[in-house]
Amino acid sequence: MTAPKPVVLCILDGWGLDPDGPANAPLLADTPVMDRLMATCPNATLTTFGPDVGLPSGQMGNSEVGHTNIGAGRVVAMDLGQIDLAIEDGSFARNPALTGFIDRLKSSGGTAHLMGVASDGGVHGHTDHIIAAAKAVAGAGVPVVLHAITDGRDVAPKSADRFMPALEAALPEGARIGTVIGRYYAMDRDNRWDRVARAFVAMVRAQGETAESAQAAVAAAYGRGETDEFIAPTVIGGYAGMRDGDGIFCLNFRADRAREILRAMAQPDFDAFDPAGLPDFAAKLGMVSYSDEHDGWFDIVFPKREIVNTLGAWVAKQGLRQFRLAETEKYPHVTFFLNGGQETPETGEDRFMPDSPKVATYDLQPEMSAEEVSDSFVAAIEAGYDLIVVNYANPDMVGHTGDLEAAKAACTAVDTGLGRALAALEVAGGAMIVTADHGNCETMIDPETGGTHTAHTLNPVPVILVGGPEGATLAPGRLADLAPTILHLMHLPQPVEMTGRSLIR
């Protein structure tokens, strides 16, 4: 029996299952295609959080973690747990990259500028890491200025008024907060350089809103109607900006939302906006590798670990062709993260990236670029690829806005595109796995507070088999089981490094 062609992995980013949950966008939306698939096709559920995806117990999953595990076909120990352990056992403070950073600033007489997301969300960073780094650097006699990036997306929308007092109280002598900036500005990943420029100007030139303390900055932002994600870049107290001989240390451990602001800080020929005032840094340090290019500009505390024989690499070794597709908001996930942190495409791997719409927030255009993604999806099915991996960003990106009606529209847009792709797949004689990397839009109201819920969830996600072997069923599992399942459908052997198991029974 010949393998179906193409075999498709369709990831509905942020589409979880929560039958009892309030404000469940997928259930409330008009989604006839997904309704039909769940009623007529083999389906099961996947776990996307905690140790099943290489995270600490109870830690919610995210798109980086999800796509890394999906592509690896094994549980990958993620950076959050590795960093936590290093702080606990004391090896973080002794790390040669960190001690080298400290030594260079001692020699230059400069200040260490620490920047990172100031919440306990654990998706991009963690306040515990900020505090540990500040203690290590200030404890060595180097003055520390913290550029605190408020979250409001992976935690409650208005929780900085809780995080900031605790953070200020925990900072050691010799460390203070210099700026407070919403992640909307400091952690953009879709080339909204006007936003990044405002964060840059506050950090580098000490220009922006002003407040006497971080707590006052948050209170003023709330008075302006801003939630944590959108806090306007604010300069704290007498912070006067960066100077020659200073150092920069980015504490975020997830790459995609750190790249742009760090590019502005370090790229020699940066021209997305005028980087006037950028000092001659004595040292530049990153918690992790942010990209191959960034590795040329920053020393790294925790270098990336090679993941051998990912799904993409293994399919390429069989001489087969594959296609990766997502709009720009999720493009790194179906390429860089799915390929185990490798930037360069595999042999025979083609990619396409429609631009995400240029709107302030995606509730204003919940369809995002789903139609363009669907156009390319259908074309790829018709083009004869062996493997197609596509990500629909809408359920996650619109779910993060907390707008239920917009999230329902997002789900409907994705459902429509999925229907078009399935029609083309039936003609081609292919097979598809429909799933998600984590939950989000199925819980739009916080069941504990009754307020808006904008974060990811611990809910299971669906996994659906379309066009599989006759009589097949699916077993429940975890994200690491998806690559083995895809290889099963493609009639390919599973590399020994993949310890996941096919879900097909």
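These residue numbers are counts, starting from 1, taken along the chain as shown.
Cβ coordinates are placed from backbone N, Cα and C, and glycine is handled just like the others.
What Swiss-Prot says about this protein:
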BINDING   ASP13, SER63, ASP437, HIS438  Mn(2+) 2 binding site
ACT_SITE  SER63  active site, phosphoserine intermediate
BINDING   HIS124, ARG153, ASP154, ARG183, ARG189, ARG254, ALA255, ASP256, ARG257, LYS330  substrate binding site
BINDING   ASP396, HIS400, HIS456  Mn(2+) 1 binding site
Neighbours of ASP13, SER63, ASP437, HIS438 excl. site residues, C-beta within 8 Å of centre, Mn(2+) 2:
ILE11, GLY14, THR48, GLY61, ASN62, GLY66, HIS67, HIS333, ASN391, ASP396, ALA436, ASN440, HIS456
Neighbouring C-beta atoms (10 Å sphere around the C-beta of HIS456 (Mn(2+) 1 binding site)):
29
What does DSSP assign HIS400 (Mn(2+) 1 binding site), in three states?
coil
In this structure, which of the binding-site residues SER63, ARG257, ASP437 has the fewest other Cβ atoms within 10 Å of its Cβ?
ARG257
For HIS456 (Mn(2+) 1 binding site) and ASP154 (substrate binding site), what Cα-Cα distance in Å is obtained after rounding to a whole number?
7
Shell of the Mn(2+) 1 site beyond ASP396, HIS400, HIS456, same chain only (C-beta within 8 angstroms of their C-beta centre):
ASP13, GLY14, ASN62, SER63, ARG153, PRO395, MET397, GLY399, HIS438, ASN440, CYS441, THR454, ALA455
Those binding-site residues of ASP13, SER63, ASP396, HIS400, ASP437, HIS438 having Cα within 10 angstroms of ALA255 (substrate binding site):
none
Could you state the whole-number distance in Å separating the C-alpha atoms of HIS124 (substrate binding site) and ASP396 (Mn(2+) 1 binding site)?
16
If you compare CA-to-CA distances from HIS400 (Mn(2+) 1 binding site) to each of the binding-site residues ASP13, SER63, ASP154, ARG189, ASP437, which comes out shortest?
ASP154
With an 8 Å cut-off on Cβ-Cβ distance and a minimum sequence separation of at least 6, pull the same-chain contacts of HIS438 (Mn(2+) 2 binding site), or say none.
ASP13, GLY14, GLY16, THR48, PHE49, MET60, GLY61, ASN62, SER63, VAL65, GLY66, ASP396, HIS456, THR457, VAL461
Secondary-structure category, per DSSP, in which HIS124 (substrate binding site) falls:
coil
Measure from the Cα of ASP437 (Mn(2+) 2 binding site) to the Cα of every one of the binding-site residues ASP154, ARG189, ARG257, then give the nearest.
ASP154
For the binding-site residues HIS124, ARG189, work out the Cβ neighbour count at 10 Å and name the residue with the minimum.
ARG189
Have a look at the binding-site residues (ASP13, ASP154, ASP396) and report the one with the fewest Cβ neighbours inside 10 Å.
ASP154
Recorded substrate binding residues, HIS124, ARG153, ASP154, ARG183, ARG189, ARG254, ALA255, ASP256, ARG257, LYS330 - maximal Cα separation rounded to whole Å:
17
So if I draw a 10 Å sphere around the Cβ of HIS400 (Mn(2+) 1 binding site), how many other Cβ atoms end up inside it?
24
